[in-house]
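Student: What follows is a structure written as structure tokens; I'll ask about it next.
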Amino acid sequence: GTGTDNDLYINQAVVFIEDAIQYRSINHRVDSKSLWLYRWYYSRTCQWILSLTITIILALAFIEKPSSLTVTSDVRYRLPAWNPPCGLTESIELLCFLVFVVDVSVKSYLIGWEEFWKNKWLMAYILTLIVSLTDWVVSLSFLCAEDVRIRRILRPFFLLQNSSMMKKTLKSINSTLPEMASVVLLLAVHLSLFTMFAMLLFARTKDGQQDKEWVGYFRNLPESLTSLLVLLTTANNPDVMIPAYSKNRAYSIFFILFTVLGNLFLMNLLTAIIYNQFRGYLLKSVQSSLFRRRLGIRAAFEVLSSLKETPANAQQSYVSVGALLQVLQKVEMDCRCKQAITRSLKMCSCDQLSATQFQKLFEELDKDAIKQHPPSPEYQSNFMQKMQFAFGHAYFGYLGNVVALANIISICVVLVMDADKQPSERDDFFLGAINCFFILYYLLEMLLKILALGLKRYLSYPSNRFDGLLTVILLVLEIATFAVYGFPHPGWRPEFMGLLSLWDMVRLVNMLIVFRFLRIIPNMKFMALVVTTLLDLVKNLRAFAGILVVVFYAFAITGIMLFKGAVVPLGNIRFFYFFLFQTSFYIKIVVVYFKEKCDFMACFGDFQAEVIYCLLYLLFVNLICRWAKIYFVVWWLISSVIWVNLFVALLLENFIHKWDRRCHREPLSDIEYQRTVELMFRDVLEEPTEEELMEKLHQHPHLQLCR
């Protein structure tokens, strides 16, 4: 072909490989101008601007009326919040909408009209923008005085549609809902039956003194249903059964049966179903991602094979090594993968690559990310070599852990001895002396390790970086303490000599020494397995966390619109203290209840108060209006019943995967493996066949293949 065609094929291959790296669909326009626009849209700058815009529009809820810019959320004590003038936040919002309009326009153009009508997310994107802009115009026409702003509830959609992993996770959750609904329905039947039994068991009697259970929990159907629903969460256990149990021990059988059937059987059955179904759908989603990667690589091979005509007698296409090297120079990808592929190409003895060889080269993208630590310095002196061996040995690290344990024990002893003493009676000489001793040891340990390992190797370990930073902070604070208060001596009480916060900082940083024991984790195989599972889960939890933010945000905005203005700081106030027992600890909630209104102080006043207080606690409080209970029950179903079980499912999958692999690969001291969600299922994924790939390529709406 001509030089122009060759440049087009090269650019097409570059884009297809980048699509494969990011698991993107290749069904987009592939002409020269569209490819330039496509790469510009997915550049770091454009994606950073889009992410910043999403963050800004979500953060507007904190400063919009009612503003969260107050120290306290209690309406009785807080000063009038600063509310932005009409048009300020609306102007920022309009700029964000304009960015989203450009975003959806570029996306729609790049995929073409045929694909646009198949893409439900893009159509929903446009509909959300139309509704939001219409609501924005209505807001300005009312001079920002309207109470209901529909566009605020729709804002989380912009976060949701921008993440392909979040969309896949949401699709998996949506596919799991029918199976979850069957167990939730069984829970509802269980709850309804026991509610009827409770109303019959604890019916009102002639003796009012014996009706404490009826008065407190089972006065009517809604209250009975609420009491047992809260018991299903164990939040009001054992409070709900105390009046009946005090009257007759046999009543405990009812509550035991309800708890065993509901919590031990049905809730765990729900967890099992969600794990089984969600794992299957998540596996299908990851399988789809693998297919996209293989399809992108194969598309790059097909367009590169057009650079040079295949001999007439050849049964298959080939790609020259030089053409691939030219493509790799333009592709934005991880340096490790690019270097590995380039190294393999240079070691290759052939000048042409078949489709199988081409695909095999890019399997480097599927491998674990490996981080190797720099080598230790090589000393010529025999004495220095012995020093390096001694202080670079694992036993020297164990000694540091023992010293840290001694430091913690000594601090605990001092705290226990001084717990009952008045500040004027305390003598901080002992605490100051041991601080000085241990900090000097930590400094010596850090310097000796740097000597043995070298600075680069020392800093390559996260535990060493933490220890070094902690040692430097302790040393600086200790020197500042001595400069201000002098050296420790009997009767030394620096808190009475000014700069109280400085001395408190020294004692506070001492508590961070506890984290030095995290270094023992790699030496204990099972503990290391558990901890690496949790760390990998946190790294790959962005999609789940994003959807959780969407749910929190939507419920927070809905709560503000439903309950805004209901709390009045004046009135007849009573305080109720509820001790909620759940997961082995008590939470004390102070609820402010109004006789004439069934609302709560410090809640639904602004966005931050809504998120912090109401969504976490008010579900377990039974002093709420009848219709408001529906709001909290729906929140409980989504956050606790569904979302927590989905989290457990992902945790189990990650742990089981690592447990099965523990015998196949022993961790080495100089190598760290980093895994992603896609790599989690790598062993059970099926490779797509060549026929499937070619059939999909021939269905590409904008790419015409020669064969």
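Along the chain as shown, residues are numbered 1 onward.
Note: Cβ is positioned from N, Cα and C throughout, glycine not excepted.
The following feature annotations were taken from TrEMBL:
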DOMAIN    55-278  domain 'Ion transport'
DOMAIN    405-655  domain 'Ion transport'
TRANSMEM  41-63  transmembrane segment
TRANSMEM  84-102  transmembrane segment
TRANSMEM  122-145  transmembrane segment
TRANSMEM  180-203  transmembrane segment
TRANSMEM  250-275  transmembrane segment
TRANSMEM  395-417  transmembrane segment
TRANSMEM  469-488  transmembrane segment
TRANSMEM  508-531  transmembrane segment
TRANSMEM  543-563  transmembrane segment
TRANSMEM  575-594  transmembrane segment
TRANSMEM  601-624  transmembrane segment
TRANSMEM  630-652  transmembrane segment
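So where do these features actually land, and what's packed around them?
Tutor: Summarised as a single figure, the pLDDT of the domain 'Ion transport' (55-278) averages 84.
The list of residues near the transmembrane segment (122-145) in space but at least 6 beyond its ends in sequence, with Cβ under 8 angstroms from a Cβ of it, reads 65, 86-87, 90, 93-94, 97, 100-101, 104, 107-108, 111, 116, 151, 154-155, 157-158, 161.
Counting same-chain residues at least six beyond the ends of the transmembrane segment (180-203), those with a Cβ under 8 angstroms from any Cβ of the stretch are 213-214, 217-218, 221, 224-225, 227-229, 232, 244, 251, 254, 257-258, 261-262, 266-267, 269-270, 273-274, 277, 637, 641-642.
Beyond the transmembrane segment (250-275), the same-chain residues lying 6 or more positions past its ends with a Cβ under 8 Å from any Cβ of the stretch are 176, 179-180, 182-184, 186-187, 190-191, 194, 197-198, 201, 213, 228, 231-232, 234, 237-238, 240-241, 244, 641-642, 645-646, 648-649, 652-653.
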Student: With Cβ distances under 8 Å as the criterion, find the stretch in 395-417, 469-488, 630-652 that has the most pairs with the transmembrane segment (543-563).
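Tutor: Comparing 395-417, 469-488, 630-652 against the transmembrane segment (543-563), the winner is 630-652.
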